[in-house]
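The next block holds one structure in the form of structure tokens; read it before the comments.
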Amino acid sequence: MRRTAEAVEEEKRKLPLFKTEEAKGKFAFSLFSSSILVGICLIWAYRLSNLPTAGDRGRWLWIGMFFAELGFGFYWILTQALRWNLVRYYPLKFNLSQSSYKLPGVDIFVCTADPTVEPPTLVINTVLSAMSLNHPTEKLSVYLSDDGGSQLTFYALLEASCFSKLWIPFCKKFNVEPRSPDAYFTHNDLHEHTADAQQRLFIKEQYEDMIKRIEAVINKGSVPEELKNQHKGFSEWDSNVTKQNHQPIVQIIIDGRDTNAVDSDGCRLPTLVYMAREKRPDCLHHFKAGAMNALIRVSSEISNSAIILNLDCDMYANNAGSIKEALCFFMDEERGHQIAFVQHPQKYNNVTKNDLYGNSSPVLHKVELPGIGGYGSAIYCGTGCFHRRTSLCGTKYSEEHKGFWNSETRKDDNRTVHELEEASKVLASCGFEKGTQWGKEMGLIYGCPVEDVVTGLAIQCRGWKSVYYNPDNAAFIGVAPPTLDIALVQFTRWSDGMFQIFLSKYCPFIYGHKKIKLGAQMGYCGYLLWAPSSLPLLYYAIVLPFSLFRGIPLFPDIRSRWFIPFAYVFVSKNIYSIAEALIFGSTFKAWWNLQRMWVHRRTTSFFFAFIDCIVRQLGLSQTTFTVTAKVVTDDVSKMYQQEIMNFGSTSIMFTVISTLAMLNLFSLIGVVVKEFVGGLECKDMEKLVSQVVLCGLMVTVNGPVYEALIVRKDKGSMPGSVMVKSIVLASLACLIP
């Protein structure tokens, strides 16, 4: 008997759209992890059973070592939750193509805050890449939130809207990747004598002409009157408009409903909207979270798509099929209705061969962040994330979301562009959120610098699940910090905000109790406790060289059985870490660079974040937000590409780094000198071997620091004032009785 057409369609509809795959070797890893845990417990037992008696030399240093090792151990246990239940997700795009699903609309949010540190030319490349993604253009809308309220950014977006008429059909005709014009033309050789090459060269020339026009306006600092007269939107800017004081501005630059809004091939263009939410000096604007919430409301008035993708202004679309891949997770018949968001990793186009500043560790993206996936959770990282609109707006999970896609309809909206703009301005005003649940139960949550992480946690505690998806062809690519100073400041902000979450009502062990799995709670806290994790390492970095210089043993004799757990934990953890890094595509030097960066981060970024957070909890300071610079000078860029660390700043972080480096160097030199002049007996030296090894490793890790302090004379060397401070402070520490 022949099947009916309805039965065939129903069968297609039930095809799975994604699969999950558990990581192999879980049993072996469990055994290894258990052996490390036994070693850690034996270390704790040694500290307690060999505690010096009152009045003994080094008693308080010993007690401090116990608490430091207690901290190391508990933090290690938290981070292992990321590996115990590792699951990877794979979309089945072919099944989606074969199914009878109606594709939902997608709204893409791009956020920028300052045209000085985030140049408009960078921003429009991200916008153009988003506009050209492979999705029906009548169901695609791109929104730019300009928190700087800059007419320069608005002008650049107008130019980009004109260029998109050439760029979008060009991308789809030649299957261009990446979809950022700048990235594409930078990494592709177009000097071929073919018809296709000629068309590519033409598009490149048009792009370069557009960039020249934009940069000319930016260099002038204002938009000429003749250009302002070409678009009504410029009437929003007058002499009273400033970055922190202006009315809401919403301009629909391309109306996707307009049948005349077509590209050079006659195909419909996606909707393009510029938004600068209202800002007043006496109103809290809540940084990026406030901008995102305004975008959610404004987009609901104009397009109201079921799926939202948010991107930072420097994260361009690299994989043209990323929307289709994400929809496989949302639209799966059996499990898709449970998923609130699909998070992609933050990949970078400027990471050096050996990842100088540890910006993009493969282990982070292939093991640690996907590790929470086995518990039905993922960490929302603030960019490169596809959201289900309903979950982002505070809706709790319900089985009623099943089968939502085929029933989705968009109501006809016959309002004019002007009417839509005026209605949207109300939603982007300062006073709209007063007395509402926005920033509490709706939208992104306010109150800490990493509002994205706490928002993702809150969504999952409402019953939703999430996916961390790391495709082979990266969906979105951004710019990594090219200087050590910028990298450390970025981690200071992240660790500060995440520790705030841990100390708030949103602590996963409290807020997530019985709402998300224990493994997910532990995985979250592995990141939320970055700031206090600085204390054990900072204690080691100070006390070990100090005690070594004074000849105070803090570890068991190398001939003692108690030495075995110390040696086993240290050696096995590092061997495993190296093997894991090499397996997932890193190099040994990149692994070593990452170890150096973890030392620098924990002794500076995390420690200062810990202090800032505690001070803020006491009500002595307020939350601030620092926009990371996206452009650097040619000298700095060249130094970065050559993998030369840049210390050319008087930052207090560099003073701490160099002081710790000098303290360990002085102590190591001191004990070597004592050994050669006979100041140490053989049995004393045997007791100090562990401290000599650890201080030697600290000295090795800080090799680039000594070079910057003593050898180098370029712009990336340590300033003289930093060198003097570090030598004086390290010398004083050695003289402490």
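Every residue, even glycine, has its Cβ placed from backbone N, Cα and C.
Pulled from TrEMBL, these are the features on record:
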TRANSMEM  27-48  transmembrane segment
TRANSMEM  60-78  transmembrane segment
BINDING   E118, D147  UDP-alpha-D-glucose binding site
ACT_SITE  D147  active site
BINDING   K288, D312  Mn(2+) binding site
ACT_SITE  D452  active site
TRANSMEM  524-542  transmembrane segment
TRANSMEM  562-585  transmembrane segment
TRANSMEM  652-676  transmembrane segment
TRANSMEM  688-706  transmembrane segment
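If you count C-beta pairs under 8 angstroms between the transmembrane segment (27-48) and each of 60-78, 524-542, 562-585, 652-676, 688-706, the highest count goes to 562-585.
Comparing C-alpha positions, D452 (active site) sits nearest to K288 among the binding-site residues E118, D147, K288, D312. Here the C-alpha separation of D312 (Mn(2+) binding site) and E118 (UDP-alpha-D-glucose binding site) works out to 10 Å. With a threshold of 8 Å between CB atoms, the same-chain residues lying at least 6 positions outside the transmembrane segment (60-78) that come near it are 36-37, 40-41, 43-44, 47-48, 51-52, 522-523, 525-526, 529, 532-533, 535-536, 539-540, 543, 546-547, 552, 554. Rounded to a whole number, the distance between the Cα atoms of E118 (UDP-alpha-D-glucose binding site) and K288 (Mn(2+) binding site) is 14 Å. If one looks beyond the transmembrane segment (562-585) by at least 6 residues along the same chain, the residues whose Cβ comes under 8 Å of a Cβ in the stretch are 32, 35-36, 38-40, 42-43, 46, 50, 361-363, 366-367, 555-556, 591, 594, 690. In sequence order, C111, T112, A113, D114, A276, R277, K279, H285, K288, A291 make up the list of same-chain residues 6 or more apart from D147 (UDP-alpha-D-glucose binding site) whose Cβ falls under 8 Å from its Cβ.
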